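One structure is given here, and the rest of the page talks about it.
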Amino acid sequence: MSKRSGDERIADFKEVNEGISEQNAVLEALRCMDCVRPQCTKGCPVNIDIPAFIRAIAEEDFKGAAAIIKKDNMLPAICGRVCPQENQCEGLCVLGNKEKPVRIGALERFVADRERKAGTTLPEIMPPTGKRVAVVGSGPAGITAAAELARYGHSVTVFESLHEAGGVLTYGIPEFRLPKEIVKAEIQQILDMGVELKLNHIAGRTVSVEELLEFDAVFLGTGAGLPSFMGIEGENFNGVYSANEFLTRVNLMHANAFPEYDTPVMKGSRVAVVGGGNVAMDSARVSRRMGAEVYLIYRRREEDLPARDEEVRNAVEEGVEFLCCANPVKILGGPVVTGIECVRMEMCKPDESGRPCPVPLKGDDAVFTLDVDVVIEAIGQSPNPLLVSLIEGLERGRRGNVVVDGSGLTSVDRIYAGGDIATGAATVIEAMGTARKAAQSINEMLMKE
Amino acid sequence: MGYTIEKATEIADNIFEFWINAPHVTKNAQAGQFVVIRINDLGERIPLTISETDGSLVRIVFMAVGKTTTYLSTLKAGDEIRDIAGPLGHPSEMGSFGNCVVIGGGVGIACLPILARALKAAGNNVTGIIGARNESLLLLKDELATHCDELVVCTDDGSFGFHGFPADILKKKLGDGEKIDCVWIIGPGIMMKITSMATIPYKVRTYVSLNPIMVDGTGMCGSCRVTVGGETKFACVDGPEFDAHLVDWDELMARQRTYTDQERESLKLFRDHQCSCGGDHHE
């Protein structure tokens, strides 16, 4: 897939990847061996019939290809952009053993983009069942569950607390990785299927738990939007952000375009981003685009970075400086950030998660400071407790997540959950997979009655 | 698509009372909760305490200070704002406490009627103490008087009522041995800090409603974090009301000043634009 150069990219927020041409899509599709026992589908959390849609592309039936994908995934333009395909479908492609795997992600994106431009067709919807389902949250999980339930003919109402739908797709993932226009278009399709969307509605407050329980079933897709902080000194100084706050200010509220937009954000000249996941990469790359020198501080080694390789590469190309095996111990300044003190780490034996465990080096040499004026902590999130803490009898796990059985059912009758609220922070497509399963279970439950 | 402003009135010098049609908010709203509003597509999200509700109407009261509140103050009845979300935050702790004192400073006074009414309904004896810099900044005192058993009005300059601060009245009451079981203080940070110090020696339960900078208001961004009793709390979901004696006031006030420069820049641009376009709408 062609990519704009790093220098060009950091001058704006436009998309980094430019997609593939029709001609290249067909050529790529023709590489597919159409295996008797395709492995790629096993790697897809929503089980898209990958060989079938690739075959359709090879036959230049692009509309047909889109229809095949949409049977299982209503957000193909999003997934084609943000799925970690290298670990999923493409990771299992047998061609990958000898040469490069078929670029399934790029093909999915191509099909979705082409259809969006040519005019979309909605999937078939079953006759109305008269059953009403409440979906809480309009992120990847909520939207997927809503689409699936609408398809079965149920009447679906989605409650979203923000003024725009999309959850993390809207407030979290930057424009240069996932243009908002695409998120809007894919969500619009779901509304066109008859799903009702109520913005500015906070479930648990605007809509009480009792009111939610008046629906025939409830799906909780409230995500993992509770930011973690390191708990170090100076963390509440002005200029210390959670990645959620920083990204929300820029992605949702357009603070990068202040004062044209009213929401401000501190534009650091030197920014430290703490963490090594995709959210850390996003924060670092947004900061670069806002003109800062950026250090990414990660406590393990470079090869341990949990972010997608492609995102790490993008960050490097865009001039983000990586400081691996380093851990912040103190934020300097007060009340405004002036620096960050870190300690160098070394790697020991793997911990119970199988990853090598970092330990701080001893001695004065091990400590170093960086002069920075903004610190962004991207060290993870836990399930948002606002609603789930209000539901009586709802069993929750050690990390605050909602406990569900194999069908997505919680400990409360008729309440199902999927996405990060059930699994803890995961990828968009994993959230969609669990949501889809829960929606199918809800359908079975409702149709049995 | 938006939410209609049904009534817009300047109730004190540069302080405005808006009644906005938002049945989704009023349905479950209680004393102590807040809304987040956004004026238009370019606007920021700002939190405002729910001052009162009446049927499908929610009342907000604000002083025109920065760009957003100044712009808001130019809107009239019949105009719409793009978004209003709420109610947010925990309702005020409610119960039969005995003798309650509700104290308001400046615009914070606007939060008291709904609170005093709820406390009264819960069987408490309610004293109101309100204070403003001068008479022209006093608001809602007649309305508040109807919900209070006693109302004391103070001005910093003595232009109306008692010449001094609500803290002086509170100190005197406590010093005179008046039995006070519970106190609420709502106002600017420095006023809440100083006033709440008065109750420390008497160990009177004292609540304050904190107003840090917020974005989403649902616990997602962590912008509104405050240190209470040495722990980091999110005012939006853990509050907005907290035990006054445990709040790190200096940190709160410093964090409120994070965007002072940007706010000034934004307001200046807005004012310049208003002048050049005759004060018309700014969309």
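Please read every residue number as a count from 1 along the shown chain.
Placement of Cβ uses the backbone N, Cα and C atoms for every residue, glycine included.
Unlike curated records, TrEMBL annotations are generated automatically.
Feature annotations, courtesy of TrEMBL:
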type: BINDING; residues: B:Cys221, B:Cys224, B:Cys236; note: [2Fe-2S] cluster binding site
type: DOMAIN; residues: B:1-94; note: domain 'FAD-binding FR-type'
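Structure coloured by features recorded in TrEMBL.
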{"residue": "B:Cys221", "record": "[2Fe-2S] cluster binding site", "Cβ neighbours (10 Å)": "28"}
{"residue": "B:Cys224", "record": "[2Fe-2S] cluster binding site", "Cβ neighbours (10 Å)": "27"}
{"residue": "B:Cys236", "record": "[2Fe-2S] cluster binding site", "Cβ neighbours (10 Å)": "28"}
Tally of DSSP helical, extended and coil residues in the domain 'FAD-binding FR-type' (B:1-94): 11 helix, 44 strand, 39 coil
DSSP three-state assignment (helix, strand or coil) for B:Cys236 ([2Fe-2S] cluster binding site): helix
Binding-site residues, contacting chain A; criterion Cβ under 8 Å; candidates B:Cys221, B:Cys224, B:Cys236: B:Cys221
Segment confidence, the domain 'FAD-binding FR-type' (B:1-94), expressed as mean pLDDT: 96
DSSP-derived structure type at B:Cys221 ([2Fe-2S] cluster binding site), helix or strand or else coil: coil
